[in-house]
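Engineer: Quick one: the structure is below, and I'll ask about it shortly.
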Amino acid sequence: MQRFEAPWTWNGRIWARTGCNFNSNWQPACETGDCDGRLQCNGLIGIPPATLVQVALQGDKGKPNFYDVSLVDGYNLPVSVTTRPFSPKCTIGSCSKNPNNFCPQELQVVNKNGEVVACKSACLAFDIDSFCCRNEFGTPEKCKPSVYSKMFKDACPSYYSYAFDMPPPLVNCASKDYVITFCPSAWGTNQASI
């Protein structure tokens with residue numbers, strides 16, 4: 001378990017890295033979510049695909065904070081988010097299925113052993129405006145869910161599956177303590193909470 005304190009006006013992203021070896025001289029040091037081979041990312045953003053927890057804390061302690069889990073850049077492992085004390089309306093649940101188990105070959109990220117360790121989003125894999133919701137497709141009316149984003153949504157209904165996911169799976173709750181759990185217990189015994 002890792003605990004950290006953030007300023008009341010902090011905005012940021014939290015993600016898990018997998019398959020890391022920080023004792024080697026090769027980069028990247030992690031199979032997924034690597035940040036330039038460093039142990040401490042220190043403001044660098046991890047290399048996608050990685051499941052992202054996005055947080056926006058408000059300066060006024062009475063105002064709600066905003067947070068979501070995004071697969072817009074792809075998926076590497078399940079995450080859940082809740083408040084302490086626990087509140088069901090302030091919880092983002094985990095995935096019901098592991099997208100890595102049925103990730104289409106064109107989206108797969110495999111490690112040196114040939115195991116699927118992450119699943120890219122269609123935007124990340126193909127870099128096409130219609131998948132990335134940009135330029136001509138930069139509005140909710142023009143950018144619709146793809147077969148790929150629907151696959152993510154089916155497995156992880158509480159997460160953003162693409163940029164204009166509707167209804168937006170954004171949670172806003174006032175709390176001073178949040179618990180982010182990587183690989184919640186339903187997924188096995190390897191878990192870490194923040």
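Using N, Cα and C of the backbone, Cβ positions are placed for all residues, glycine too.
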Engineer: Quick one: TrEMBL says Cys103 makes a disulfide with which of Cys119, Cys123, Cys132?
Structural biologist: Cys119
Engineer: In TrEMBL, Cys30 sits in a disulfide bond; tell me which of Cys20, Cys35 is on the other end.
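Structural biologist: Recorded disulfide partner of Cys30 in TrEMBL: Cys20.
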Engineer: In TrEMBL, Cys41 is paired in a disulfide bond with which of Cys35, Cys90?
Structural biologist: Cys35
Engineer: What is the Cβ neighbour count of Cys119 (disulfide bond) at a 10 Å cut-off, with all protein chains included?
Structural biologist: 28
Engineer: Pop the Cα-Cα gap between Cys41 (disulfide bond) and Cys30 (disulfide bond) into the table, whole Å please.
Structural biologist: 12
Engineer: Can you see whether DSSP assigns Cys173 (disulfide bond) to helix, strand or coil?
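Structural biologist: Strand, per DSSP.
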